[in-house]
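A.B. asks: Attaching a single structure in structure tokens format; questions to follow.
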């Protein structure tokens, strides 16, 4: 079993028996009902994440990726700075189970937060503020930045480096690709616009035809209605004529029977 396996096993055992630790259970209960503890824990997590990203930026060789990470760090710093007043309001609220000394310590923690947030490296020209004075020896930590004896940049600083050249080329390539994509989108929109215009013109041409069809349908409906009325009248006339003929035939039969009976009885 390796050392890592042993440490993992010990950690799992410690977590298993944490529920029997009275102090930890008390802290967990306090933080569960304490908005300050939750928010301050979120601050700590975001600050640690930002510091880790800042450390990754120093090791990042891709200039574009480093710029993107620095921008994300600056957004995180701005968001944290906006949330500091809320944390200050929560720090002065009394919480059950906390002493006066602990409340004072919370206020001190909140007062130290702006400096901690500002100290996070974000790739800006000024960088994090420092209380120490600038000396010529302070430039040794950044050998790629050189200062004159008067504190001004020398000519070597403004020369284009390989990283800046690569970043410029990558930026130009992405800009060209973006312009090509926008051109394709513009062409597609123009094609859709032309199709819509053609469809509109075709609909305009179809409107008179539809009106004419509606007129003809109305006329045919009226003619069919009149034809039905005339046909009904004709049928009624035929029925009346047929009934008259049947009545005459029946009358003749009745008269014949009467004449026969008269002759027989006579």
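Glycine too: its Cβ is placed from the backbone N, Cα and C atoms.
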A.B. asks: With Swiss-Prot open, pick whichever of 12, 240 is annotated phosphoserine.
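C.D. replies: Residue annotated phosphoserine in Swiss-Prot: 12.
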A.B. asks: Of the ranges 47-71, 72-96, 97-121, 122-146, which one does Swiss-Prot flag as region 'Disordered'?
C.D. replies: 122-146
A.B. asks: Under an 8 Å Cβ to Cβ limit, what residues of the same chain, 6 or more beyond the ends of the coiled coil (44-87), are close to it?
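C.D. replies: Hits for the coiled coil (44-87): 36, 110, 113-114, 116-118, 120-124, 163-164, 166-167, 170-171.
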